[in-house]
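Enquirer: Can you read through this structure? Questions will come right after.
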Amino acid sequence: HVHCFNLEKHFGNVAQPGRRRLSSSNSVESLDVSPCAEARVLVINTGGTIGMMYHNNVLSPEPNVFVKALRKLPDLHDEQYALQTCMSYYDSTSGPQENTLVLPLCKQNKRIVYTVLEYSPLLDSCNMTADDWATIGKDIEVLGVVIFLILHFTLTLTITLTFTIFISRGIMMNDGRDNLLGALLIAGQFVIPEVCLYFHNKLYRGNRVTKVDPGSFNAFNSPNLAPLANAEVDIKINWDTVWRANTTALFRVSTLMNRNVGLLKLFPGITAVTVKSFLQAPMEGIVLETYGSGNAPDNRADLLEEFRNATKRGVIMVNCTQCLRGSVTTSYATGKALSDAGLVAGCDMTPEAALCKLSYVLARTDLSIEAKRNMLSQNLRGEMISDLQGAKLTLSDSRFIQVIAKSLSISCKEELEAFRDALTPTLACAASKIGDVEALNAIKEMGSNLSLGDYDGRTPLHIASCEGHLKVVQYLLSQGATVYAKDRYGDTPLRNAVRFRHKEVVKLLRKAGAHFSRDELKNAGSELCSLAASADIDGLEMWHLAGGDLDTPGYNGQTPMEVVMEIFKFLGVHITDVLKWSTHRKCGEEGTTAPLQPQEAKEICLGT
């Protein structure tokens, strides 16, 4: 109830998803639209220039104007498609919801359907606090959204992006329209399980960016990590760079953030009194911006003494460079002096990322000070490169790829990558079929994306779910394989596991957040009724484990229970007699009772 209250507070009455309806004025045969796949995206409008209006010659957020403006833009809403398909994804007596729109057909023959939820009141990012960041995260968690966009003013966008990552577990002309369109196209067509920033035709990892120019459309830069994607004539995804979670747990949000943190920038002549004052209680952690590759004057014993004293009091300090690009090292004596004083090397983190990470880690009351320091030195969400010397297997190291590439006269890196991406999905699916985890790991080490599908769109996770290879499913999920992938027939890995009755695989996929897609639920009622009519208890149990609603009606309006009742009525058996017989049936020498067993239920339904 608390969650529902929060949603209504910010979004108003959030309608529940319903079934797609065709327009009453158009039959299926008369529709002037070709069949295509659809992807659904939630857009959360927190505020920003894209939705601002002039008031007294200054720009300020204006409620209830954003969606109206989008409907007038042909490249952001296909009015004809919406009318012909009666595009309503919500049950409503007043017709289609005004905040649901659809993009024109994209090159991949897919429609991106998106719903805009607008915060009330709209916020200027300068006024945002940690409470607002927590609200965004919790709203996404409560809504159970798989793909979402957050519209945000750019002044403090990097801070909001980084906080959103770590808690998961004004100009006359603006580029908001192009940025929104590009973000929708990428979110709807590609599975990139990250919190990202799309700006000026580039997709960045959110905790790697910094704002470099407030007056340019090229306002953001990711100094230490190449963009995840570039939108040009085609959208090019750099899959080698995409960060994938190494957990099978459900998505969750931790809203506890420690606010007793700060940024301190070294400058020549800074006094020990200034540093001492900054490090006093209630300060629990700071990000120290140092010179070059993490250096500070090692001849300033007074400064180093203040850092050592703060470390003894339990204050955690992270060393980040003042330079836009580069990393912190201890190669210089001046850098090692800070390490000896207790500072944690921030490697190549931006100051924004380091500050947010520090706030997140310090809020972990279950960890000791030393455990928190160790956690800060680890790469938690792709915010840093923790091991600069760590070697990664490249395409040139793969003898298998090299032999085939040589026979095909392939030499350049781009051709090798294209060859790998075309070949390895099929190899990965073959390895999944026989349960070969080692082969899958070798394929991954070549830089392959284990979420890519074969010619039928079937991913290795689809195959492993069909075959019931639990260890393979566990490995793929630990490597970030998506549970939401659909093959050309619209089936997800969960649907495959249910079809082939692999109970433990279903449980694991559900634990990782898998659920039936809207398309998979279209005929669920009829299938459940068929299972009930044939006394297929195992099949009904699989649907129940997978999150299916056993009260879903079939094509004739009957629920599975009503089908069972109809069978009992036909056989002349009243359901109360069955329950009475089940409850009082004796078993064992001690005369204990036992519930009705599946085989006995089958015998009753079959009249045997």
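In case you wondered, yes, glycine gets a Cβ from its N, Cα and C as well.
Residues annotated as domain 'L-asparaginase N-terminal' in TrEMBL: 40-241. Taken from TrEMBL, the feature transmembrane segment covers 142-168, 180-200. According to TrEMBL, the domain 'Asparaginase/glutaminase C-terminal' annotation covers 260-375. The repeat 'ANK' annotation in TrEMBL covers 456-488, 489-521.
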Enquirer: In the same chain, which residue numbers or ranges, 6 or more beyond the ends of the repeat 'ANK' (456-488), come under 8 angstroms Cβ to Cβ?
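Expert: Answer is 37, 146, 191, 193, 243-248, 425, 428-429, 431-433, 435-437, 440-441, 444, 450, 494, 496-497, 499-500, 502, 504-505, 508-509, 512-514, 517, 519.
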Enquirer: Going along the chain, which residues at least six beyond the ends of the repeat 'ANK' (489-521) come within the CB cut-off of under 8 Å?
Expert: 17, 20, 248-251, 456, 459, 461-462, 464-468, 470, 473-474, 477, 483, 538-539, 541-543, 545-548, 552
Enquirer: From the DSSP assignment alone, can you count helix, strand and coil residues within the domain 'Asparaginase/glutaminase C-terminal' (260-375)?
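Expert: Residue counts for the domain 'Asparaginase/glutaminase C-terminal' (260-375) by secondary structure: 46 helix, 21 strand, 49 coil.
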Enquirer: Within the repeat 'ANK' (456-488) only, compute the mean pLDDT.
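Expert: Mean pLDDT for the repeat 'ANK' (456-488): 94.
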